[in-house]
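Undergrad: Got these off TrEMBL a minute ago, pasting:
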COMPBIAS  34-49  compositional bias 'Low complexity'
REGION    1-50  region 'Disordered'
TRANSMEM  68-89  transmembrane segment
TRANSMEM  95-114  transmembrane segment
TRANSMEM  135-159  transmembrane segment
TRANSMEM  271-292  transmembrane segment
TRANSMEM  313-337  transmembrane segment
TRANSMEM  349-375  transmembrane segment
TRANSMEM  547-565  transmembrane segment
TRANSMEM  577-598  transmembrane segment
Amino acid sequence: MQEGQGAPAALLAAPSDSERGLSWPAPPAPSPFLAPGSPGSPGSPAPRRGAVRASFPQKLAEALSSQYALNVFVAGLLFLLAWAVHASGVGKRDLLCFLTALMLLQLLWMLWYVRRSAAHRRLIRPKDTYAGARWLRGSVTLFAVITIILGCLKIGYFIGFSECLSATEGVFPVTHAVHTLLQVYFLWGHSKDIIQSFKTLERFGVIHSVFTNLLLWANSVLNESKHQLNEHKERLITLGFGNITIVLDDHTPPCNCTPPTLCPAISHGMYYLYPFNIEYQILASTMLYVLWKNIGRKVDSHQLRKMQFRLHGVLLGSALGLTALAATIGVVVVYLIQIGCSKTKSEAALIMFYLYAIILLMLMGAAGLVGIRIYRIDEQSLDESKNPARKLDADLLVGTASGSWFISWGSILAILCAESRPPYTWYNLPYSILAVVEKYIQNLFIIESIHREPGKLSEDIRTLRVVTVYNGNATSLPFSCLKNGPTAGDLAPQASEMPPVANGNTHLREVGGGKEKEDKSWEGAPGPACQSCFLQGNAQRRVLRNIAAFLFLCNISLWIPPAFGCRPEYDNGLEEIVFGFEPWIIVVNLAMPFSIFYRMHAAASLFEVYCKI
């Protein structure tokens, strides 16, 4: 067979550069007119098939690791459920053994990862600039310190009741303390990592860590809910609700504590620290989840602008927020003192709480609407780049808000369908409606804020360039436009290099006798330039920062009451009569942890929004 007549091209060996000389033509460059999918083009199907083959093992590893973690989570939830309902053959010892084994397995993986990272510390590794913000790691550290203090109290409780408690109740808090210390160190050093090697093994290790923390969170929620439910049942007994079956779920060990005064004090102190432990576990799991989503991800060229925390210009928002925080502390103290003492005092405490919450939710809703309106007027572009941390923030806001919405709609339905309604329950109706509306508005404001591009130039800067080209300098601009930040000054030197025709508007300079003739039509109306300058100036940023500061403090204020035992959903009584005691208690116990976490997560997101504005 002769060459060129049916011989495959791949079998024809091309000569080298030295053999080619001047007589052998160079291989032709790919034509720029070839379509991406045509043979010989840079985007031919062969590389795409290779890319699909390369990404397939990653997708398979992601599916395998997620299914493994879900099975571990379901098994842990069954252990928790068996202990909660006093299933025969399954006790607290079995649950603690399971959780301890999960923590030890995570400890081994974290030690291996830290050791391997230290061995390759000279290598340049990609980082996700959005993940693991410094303030977020600081919050995790603060909650971790309180979690370790809680572990010390549990160790003291075990020592007091050591005669009748299993050894697992002493091993568990020690293991949890070591786990907490190493995990905080791991999050500080590696939460921004984008893992590109050992990706299959790392996916299993990271997702195992995520669901281990989620199970520890569920265990803390169950312990705290049992304590709150016992207190609620004691208040119902005091108020004389005879039509509700009440059985106290007391888990006091069947032996005497030595010394006798130590164990009751420790027992009461532990439940005041559980809210911080709950927040630590859920924050750690979210940071680890972002690390899992970043495994094998391509790094975007866009880098996050360094955010700065500034207190200048937020006096009004901070003053209103601190006032709300002080009022919250006072309301919680009075509520906890008055509730359960007598029927009259309990009703007065409920009315006081509802009035306080109605006023605060109305102010928060109004502030959120003002912020959304400012964003609607502003025409700044949105950052639509892929960002696992930002997407998780938005999903958590909407997902955890559903817990509060579930309770609120249950209260609304109970009020509308009840046969008899005590007077204080009518305050619950506007409170429940506002709880739904306020979260809806606040979610819109936060999601809009976190998708804004902080580093992009707005329309007033582009207009400033045209005005500078037209006048030759920036002295004729309004003073309000010039004082809007360093962006105007930064762009002024660049404007002198632009041509005298910009943005489709012709402004010609006619130099005669050293004077320039200016177009008189420019002086007639301010046009969009000054409007844009007014809408996107320092005044707008100052208003948005005040709104973010006010909402941040208000969310912390609304986190305090349910976290420390002020729960009118328990003490109202009307929902329990309409739905039944056990169904309503189940609803509250399932939805309340998400409602509490929503407030803390919203506060964290608003802090990020404040630093970004």
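Residue numbers in this text run from 1 along the chain shown.
The backbone N, Cα and C atoms fix where each Cβ goes, and this holds for glycine too.
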Undergrad: Return the stretch with the most CB pairs under 8 A relative to the transmembrane segment (313-337), choosing among 95-114, 135-159, 271-292, 547-565.
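TA: Ranking 95-114, 135-159, 271-292, 547-565 by Cβ pairs under 8 Å to the transmembrane segment (313-337) puts 547-565 first.
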Undergrad: Tell me, please, if the transmembrane segment (135-159) and the transmembrane segment (95-114) are in contact, taking contact as 3+ Cβ pairs under 8 Å between residues separated by 6 or more positions?
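TA: No, these stretches are not in contact.
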Undergrad: Could you name the stretch, out of 95-114, 271-292, 547-565, 577-598, with the greatest number of CB pairs under 8 A to the transmembrane segment (349-375)?
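TA: Ranking 95-114, 271-292, 547-565, 577-598 by Cβ pairs under 8 Å to the transmembrane segment (349-375) puts 547-565 first.
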Undergrad: Cβ under 8 Å, sequence separation of at least 6 from the ends of the transmembrane segment (547-565): give me the contacting residues as numbers and ranges.
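TA: Those are 228, 231, 272, 275, 314, 316-318, 320-322, 324-325, 327-329, 331-332, 335-336, 353, 357, 360, 363-364, 367-368, 370-371, 442, 445, 449, 592, 595-596, 599-600, 602-603, 606-607, 609-610, 613, in sequence order.
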